[in-house]
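Step one of this worksheet: look at the structure below.
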């Protein structure tokens with residue numbers, strides 16, 4: 001084993017070799033993925049970041065290299081020099097990118113040994129995630145994880161290329177900034193110099209990118225880290241990366257057009273997938289009405305239909321009372337519902353109860369009526385109208401929920417997804433984009449007993465709705481837009497407020513006192529008085545976008561060094577306690 005590499009500089013990566021390299025002498029460097037002995041000849045699957053290639057140690061070709069190869073084990077680090085050749089007839093491996101060739105090794109140098117890893121790097125499953133994260137530097141050697149990280153790099157590079165070719169300027173914004181909570185908790189950083197004060201790590205560059213528009217930079221982008229101290233899920237991290245964009249002198253349509261260009265560029269260059277534009281658009285009200293969610297998966301049908309007007313005077317008490325109490329009745333049509341047994345229908349009832357629904361009615365559509373526990377409570381005309389609105393045909397199953405609008409949409413919106421998975425209605429290879437627009441600008445918080453911003457307080461209201469701000473802020477629609485991909489929000493943004501008087505109206509509607517507004521946002525209000533142009537922007541979650549492009553199950557599989565769902569790093573043992581001396585320097589005390 002050598003402290004220095006004596007074999008000359010690497011000439012190729014393993015995974016980049018093919019039949020066109022046959023006859024060439026190559027120098028490769030990487031790791032032993034798998035070792036096999038066959039009749040005195042040693043075969044090694046040799047790995048680097050670009051993939052695998054089979055290298056061969058034959059005593060007749062190079063006795064010295066063959067003798068040295070007896071020492072090597074899995075994950076040893078090697079440098080080899082040898083000749084590429086086409087594999088013998090019948091020995092081609094079609095499951096391997098480089099399966100048509102192999103490298104006959106003439107010279108071997110063992111650069112380092114390795115202990116036996118705590119898990120198999122060949123396995124794609126059945127490994128405890130905690131073990132993987134504790135030994136993340138080993139987990140990152142696994143081919144699938146490396147492919148994910150390589151695609152992430154490609155997405156970032158293509159993003160920069162796209163924006164720079166469209167006249168955008170990449171500008172960095174501060175990480176140490178002022179705490180202006182935007183919905184989640186801030187990560188706070190104590191100042192040693194200014195004792196008793198704190199910076200906050202940014203939840204987004206929102207204010208700074210708006211100030212860049214005030215500064216005249218016109219088209220800004222940045223691939224930037226953001227931080228939110230919130231409870232984690234499979235697709236959330238305390239620190240995450242977003243593609244951040246802001247533009248001046250534009251409308252919603254301008255931003256949407258550019259962002260559709262970005263998405264089609266990324267999917268074409270990184271996955272060789274093409275899409276037609278423009279993408280479909282739904283208002284928030286349409287999305288909730290048809291899908292029960294503001295992030296609908298439009299790869300399949302099973303849309304919700306409102307039957308409240310038909311069933312408001314129904315003989316079924318639960319329907320009648322829901323309508324009379326300001327609630328609603330909605331249904332989903334399940335084509336070829338004969339696939340659902342009575343037990344399946346009972347299970348669906350249990351499923352919707354998770355979302356607050358008190359029951360789920362069902363009906364099997366026959367040629368001459370229904371088979372249903374509720375059939376006897378309905379008139380023939382009601383059944384006829386329901387069949388017409390649901391476009392029901394013989395063999396379909398209809399499922400109904402009657403409750404408050406929130407419960408109905410939540411339960412049926414989630415049931416729709418559940419059914420699609422159960423009935424295999426989703427094409428996992430399909431990507432379906434949809435824009436959701438005109439969100440409510442504000443929503444009432446039962447916890448805070450006031451209206452709060454649905455997105456953030458700098459979102460511009462729809463001009464026709466400004467009149468509702470003083471007395472009925474819940475009616476105001478936002479000039480906001482989300483891009484949804486396969487049922488997941490991958491980006492969101494809005495047209496911003498560029499006039500101080502409108503921004504002041506928003507703060508008033510949010511119940512914020514002048515003193516609090518000046519303390520948190522005084523510099524922004526001041527900037528709005530110095531010729532702020534109309535502007536707007538958007539941010540895409542890079543982690544989530546790459547997760548969907550790779551088909552990964554968790555966002556942690558597309559981040560090099562992610563945190564756990566408890567926001568810890570098992571590899572470095574962060575967060576950790578610090579010394580009393582460090583705390584004293586910061587004038588802090590643990591209580």
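Cβ atoms are placed via backbone N, Cα and C, with glycine included.
Here Swiss-Prot has 228, 229, 230, 489, 541, 542, 543, 544 binding ATP, and the candidate from 237, 503 in that same listed site is 237. Ranges compared are 206-209, 210-213, 214-217, and Swiss-Prot records region 'Aspartate' for 206-209. When the recorded positions 90, 228, 455, 496 are ranked by how far their Cα is from the Cα of residue 489 (ATP binding site), 455 comes first. Here residue 90 (site 'Important for tRNA non-discrimination') is compared against the binding-site residues 228, 455, 544, and the shortest C-alpha distance is to 544. Taken through DSSP, the region 'Aspartate' (206-209) splits into 4 helix, 0 strand, 0 coil. Nearest in space to residue 544 (ATP binding site), taking C-alpha to C-alpha distance over the recorded positions 38, 228, 455, 496, is 228. Note on proximity: among 38, 230, 542, the recorded positions of the record, the Cα nearest residue 455 (L-aspartate binding site) is that of 230.
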